[in-house]
Every structure is written in structure tokens, then in C-alpha cells.
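Here the structure is laid out as C-alpha cells; the discussion comes afterwards.
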Amino acid sequence: MQAFTVEQVRRLEAAATQEVPEGALMQRAAAGLAVVVAGELERRTGRAYGTRVLVLVGPGNNGGDALWAGARLARRGVRVEAVGVLGTPHAEGLAALLAAGGRRLDPTALGDLRRYDLVLDGILGIGGRPGLPDDVADLVARVEAAEVPVVAVDLPSGVVADTGAVPGASVRADVTVTFGVVKVGHLLEPARARTGRLVLVDIGLDPTTETPELDAWDVARVADAWPWPAQRSDKYAKGVVGVDAGSETYPGAGIMATYGAVHGGAGMVRFLGPESAHAVLTTNLPNVVFADGRVQAHLLGSGWGDRPDGTQAVAAAVDSGLPGVLDADGLGFRPDELPESWLLTPHAGELAKLLGVARSEVEDDPLAAVRAGVERTGATVLLKGSTQLVARPGVRTVELAVPGPAWTGQAGSGDTLGGLCAAVLAAGRPAHEAAVLAASLQAVTAAAHPGPLPPHVLAERCADQLGAWWQERHP
Ligand SMILES: NC(=O)C1=CN([C@@H]2O[C@H](COP(=O)(O)OP(=O)(O)OC[C@H]3O[C@@H](n4cnc5c(N)ncnc54)[C@H](OP(=O)(O)O)[C@@H]3O)[C@@H](O)[C@H]2O)[C@@H](O)CC1
Ligand SMILES: [K+]
């Protein structure tokens, strides 16, 4: 699924309006919206006829869509009431609603909101500035407290369409009906959680003329793209990972990274971390070898602490010409320039440190931050967190891994993820693909095994998940 910016949407709409009569796009949007709302009413109450819908109407075309959809619903026997909450409502839309038997209410006459079966959020769309005025925020809070289902028109009002940020009050939608193309904010947290189920209505835009901002992977694409071994693949075809992770202070990081590499399908894992980790690895993963030798991808940095020879260790690995993953403490030892074949795996705090900005700056605009990370280092960057983004040099479109449940992130999950990434890298895949496949595998596995499993146990479940995908593809 691809997502676009507001500026791109405006261009696409301008191109489409050359081809069709005035108002046609809004009519298509309203028609699609009304179908979804009617379906939602039927699903929730068993019927659309006779149900009650409250339309919250802002001053722009977003309100226009909602009013025209309200008119269509009113003609089907839905009791539609509209309330203008900001500025002057779309005149033709309001006239159409009233002509179809809908009513306009004064905001002060709203009363108990629990009498409504559904609220339609037509306050702000792609023309919205972040946040909501206080009186509108109060009304939105009342809707939420009344637990009335909400369908958002195009975007949940209050969220930032281009970044997914939610800097102030916003609508929390159960369903969002968007038009033409998906917008960036639908897919990035925290706006993603406020979007609910996303429905895309075709209004005749042609997105092929624009470079997508975001390319979101789904589970089937991950499973199809996984580097499945061929029948005759030996350990070198599957890839050998060299894990130089952990330290005497943090041996567990090296162990969990190794769990990731082994369960991500590496043909062999050489553990080059601290000796204090050897006994645990020998007992639990006896296939891991401790001798230095040929590897096809490096994994460095997790649990290093302030390792005295960190800079030299990273330089030697990069100079080998092989691809690698540089994680956690290792990020502080990176050379000024890295090749694209090296994958950096910072979380928001680490990326902020790398860029010399506040963590909130990364969190408020993760797309810009992950691109800045690439710009700064020359490497491929995976920004870990609730939405996991991958950017690489020379490519505008940022890839989005399949999202997972909140408990994926705990101490050690990043180490394991580094190992999973290194396994895919060693199998010969480019760094950006290794990142998106590994992050998605970990997320899908966590979703399939609800509960806060410790990262090394989750790594074992990752292998089960790969096995299930393999069986689906080779019945
Ligand atoms: N274009 C097309 O072809 C199609 C578009 N479609 C629909 O149009 C929607 C975009 O419509 P839109 O451009 O009119 O913007 P919209 O979001 O309704 O509101 C802008 C108004 O709100 C105001 N305002 C903003 N933020 C505010 C705030 N925080 N607090 C208070 N006021 C605030 C803002 O004021 P201003 O910023 O000018 O001061 C302006 O008056 C789009 O999302 C989709 O639903 C579909 O029909 C398909 C075809
Ligand atoms: K809206």
C-alpha cells in the first residue's frame, strides 16, 4: 500500500478535475462514504433505515463530503442531524442535506449524544491545521465519552496528514473513509491508531504520476519476498553471520542477537562476542561456532557499552567490504561515511542522538528523521519503534514494515531484530529489504503469539512463523 502527502494529493486532484465536471470528485467521495456508513450502521444495528447519525461539519470541503453523504443517507431513511462546529458549512452540501430531510442543529441543542448510532467526523480533512479549537475538542471528547462509533471523513480531524503526529486534541475514529489515495498520516503512529479501519474510496485519481512517500508492506508480500533457501543451498548460500555483540557488562545482548540470527535462517552463526556468553550459547544454541572465519554479513554494536576498541572494530568490519548491521552502542563508533549495504538500526532516541536533535523531533516527524539519518551517514537506516521505517540513499520512498503489537518493544527485542536483519543480509538481500523483512517477521510473530514473550523466545517463534509461511507456499 502506498501513501502520499497533502501536496501530492492536491496535485492529483487538480489533474483529475481537468477531466470531470465541477463537483464530480466530491460526489464520488460522498457516494463512497455513504455506502461505508450505511454498511457500518447495518453491521452495528442490523439496519440503516431509522437509525440516527450526527454529522460534525467543519468549514471546508471535508464538511462538504460529510453533508452530501448525509443527504444520501437521509434519502435512505437515516435520521441525519448536522451541526456546524467551525466556520460556515459548505452551502450546497447543507442545502442538499436539508432537501433530503436532514436537520441542522445548533451546537447548544445537542443534548445526550448516546441517542446517536453513529457520528460522522467532517470537521477537517487535508486542509486541517494540527489540533482542534477548545470548543471543538470538548465536543469530540463528549462523543468519545458517549462511546458512539465514529466514521472519519478522509482523516480523523486534528491529526497531521503528512507526519502522523497528533499534537493536540483529535478525533478517534473506528473507521476512516479516505478518497483517491492513502495519506501518510493514516499509516504512521500515533495517527494510525486514531484512524481505525481504513477504507479507500476510488474517486478517479491517478497516483502513478507521483513518487509515493511511503510504501507499506503487508504480510503476504513479506512471506513472498523472504529469502527461502533452494533445495541444494548449503550454509554459505543461506549465509554466514558474524555476531560481534555484547560485552562482559551486557553479555545478554550478544546472546539475544545470536538467537535472532539463528532463528532468522542464517546458514551458520559465528559468535565473536564476550566469552561470558559462550556457556549459555553452547547449551541453548550448540550450532553456533566461536571460531573467527568467513562470514557474509556482520552484526556489530548491541550491548557494547563504551567498548574501548569500538571505532576500530566497526572500521575493520566496514573495510571488509561485506554488508553489515550496526546497532545500539555501535552507532556511536560509526565512521563518517558508510556504504548503503550497511544497515543502521536506531530507535528514536538513538536516531535523535545521531542527528543531534531532540527525541521529540524524531517522534513528531519520523519520515523526515529517517531520511535525515540516511543523508547524514550514507547508510540504509531502519528506525525502530511503533512504526518501523526504512530509508536508503537515493530513494525518496520510505518503506514501512508490517506493524506489530505494542509489547514487541522490550529490552532485548532490538538485539534480536539486529540478528534477524543480519540473517537476511547474509542471504544476499540488500540492506533495505533485510530491514523490512526482519522487522515485519518479528512484528507478525509477536502478533500471532499474544503476550510479552522475552525476545529470545519470540526469536524461536519467528522460526515457527517462517516454517508456517514455508508450508503455505509448499503444500
Ligand atoms: N479537493 C478535492 O478535489 C477533493 C477534496 N475532498 C475533500 O476535501 C477535503 C479538503 O478540503 P479543504 O481543502 O476545504 O480542507 P478542509 O480540511 O475541509 O478544511 C479547511 C478549512 O478548515 C479551516 N481550518 C483548518 N484547520 C483548522 C483548525 N485547526 N482550526 C480551525 N479551522 C481550521 C481552514 O481555515 P484556514 O486554514 O484557511 O484558516 C479552512 O477553512 C479533503 O480532506 C476531502 O475530504 C473530496 O471531496 C474529494 C475531492
Ligand atoms: K475529518
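Cβ from N, Cα, C; glycine included.
Over in TrEMBL, the protein carries these features:
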- 9-211: domain 'YjeF N-terminal' (DOMAIN)
- 61-65, 125-131, D154, A253, G303, H347, D415: (6S)-NADPHX binding site (BINDING)
- N62, D121, S157: K(+) binding site (BINDING)
- 218-473: domain 'YjeF C-terminal' (DOMAIN)
- G414: AMP binding site (BINDING)
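Under the DSSP three-state reduction, G64 ((6S)-NADPHX binding site) is assigned to helix. Checking the binding-site residues N61, N62, D154, S157, H347 against ligand 1, the ones whose Cβ sits under 6 Å from it are N61, N62, D154. In sequence order, N62, S157 are the binding-site residues from N62, S157, G414 with a C-alpha within 10 Å of the C-alpha of I126 ((6S)-NADPHX binding site). Secondary structure at D121 (K(+) binding site), as computed by DSSP, is strand. Among the binding-site residues listed (N61, N62, I126, R129, H347), N62 have a CB atom closer than 6 Å to some atom of ligand 2, in sequence order. For G414 (AMP binding site), the count of additional Cβ atoms within 10 Å of its Cβ stands at 26 [all protein chains shown].
When the alpha carbons of D121 (K(+) binding site) and H347 ((6S)-NADPHX binding site) are compared, the span between them is 34 angstrom. The residue listed as 'AMP binding site' falls within a helix when secondary structure is assigned with DSSP. The number of other Cβ atoms within 10 Å of the Cβ belonging to N61 ((6S)-NADPHX binding site), over all protein chains shown, comes to 21. Among the binding-site residues N62, G64, R129, H347, the ones whose Cα sits within 10 Å of the Cα of G414 (AMP binding site) are H347, in sequence order. On its own chain, H347 ((6S)-NADPHX binding site) has L383, K384, G385, G414 as residues at least 6 apart in sequence with a Cβ closer than 8 Å to its own Cβ. In this structure, the CA atom of R129 ((6S)-NADPHX binding site) is 9 Å away from the CA atom of S157 (K(+) binding site). Among the binding-site residues D121, D154, the residue whose Cβ has the fewest other Cβ atoms within 10 Å is D154.
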